[in-house]
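Q: Sharing a structure, written as structure tokens. Questions coming.
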């Protein structure tokens, strides 16, 4: 009965991406390919791209969360580079991680030196003499 093809065999399971198996949005397969092609080492373990994709996804989510808050504070619904800059520079750990990074169209943090501010004078509501 040759030539009849597969009849009683198991149906092949629907393909499931490594990203969905790991519960991630970032592409594990693409990260794995980039690790292999990037000449970082001769061999790349199966867990390394999953871990790296998870770290990248976490950092991205953290930055976007803070940038979204900055956009909302400025009464905007769209995140622009300025909001990313404000989010990163106002967060101590992200600022340290991305300290040498320049964000195009990001601007600078508003900062006025204390010595340039007008001096505070005593209030005019002093009790007058007898």
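From the backbone N, Cα and C atoms, a Cβ is placed for every residue, glycine too.
Not my notes, these are from Swiss-Prot:
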COMPBIAS  7-19  compositional bias 'Basic residues'
CROSSLNK  14  ubiquitin cross-link
CROSSLNK  16  ubiquitin cross-link
CROSSLNK  120  ubiquitin cross-link
MOD_RES   6  N6-(2-hydroxyisobutyryl)lysine
MOD_RES   10  N6-(beta-hydroxybutyryl)lysine
MOD_RES   10  N6-lactoyllysine
MOD_RES   14  N6-(beta-hydroxybutyryl)lysine
MOD_RES   37  N6-(2-hydroxyisobutyryl)lysine
MOD_RES   37  N6-(beta-hydroxybutyryl)lysine
MOD_RES   96  N6-succinyllysine
MOD_RES   119  N6-(2-hydroxyisobutyryl)lysine
MOD_RES   119  N6-glutaryllysine
MOD_RES   120  N6-crotonyllysine
MOD_RES   126  N6-crotonyllysine
MOD_RES   126  N6-glutaryllysine
REGION    1-22  region 'Disordered'
Q: Report, in whole Å, the straight Cα-to-Cα distance of residue 119 (N6-(2-hydroxyisobutyryl)lysine) from residue 14 (ubiquitin cross-link).
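A: Rounded to the nearest whole number, the Cα-Cα distance is 72 Å.
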Q: Report, in whole Å, the straight Cα-to-Cα distance of residue 120 (ubiquitin cross-link) from residue 16 (ubiquitin cross-link).
A: 66
Q: Using C-alpha atoms, which one of the recorded positions 10, 37, 119, 120 comes nearest to residue 96 (N6-succinyllysine)?
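A: Nearest listed residue in space: 37.
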Q: Cα distance, residue 37 (N6-(2-hydroxyisobutyryl)lysine) to residue 119 (N6-(2-hydroxyisobutyryl)lysine), nearest Å?
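A: The separation of the Cα atoms works out to 61 Å.
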Q: Which ones in the same chain are close to residue 120 (ubiquitin cross-link), with CB under 8 Å and 6+ residues apart in sequence?
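A: The list for residue 120 (ubiquitin cross-link) is empty, so the answer is none.
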Q: Under DSSP, is residue 37 (N6-(2-hydroxyisobutyryl)lysine) helix, strand or coil?
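A: DSSP call for residue 37 (N6-(2-hydroxyisobutyryl)lysine): helix.
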Q: Please count the residues of the compositional bias 'Basic residues' (7-19) that DSSP assigns to helix (H, G, I), strand (E, B) and coil.
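A: Secondary-structure breakdown of the compositional bias 'Basic residues' (7-19): 2 helix, 0 strand, 11 coil.
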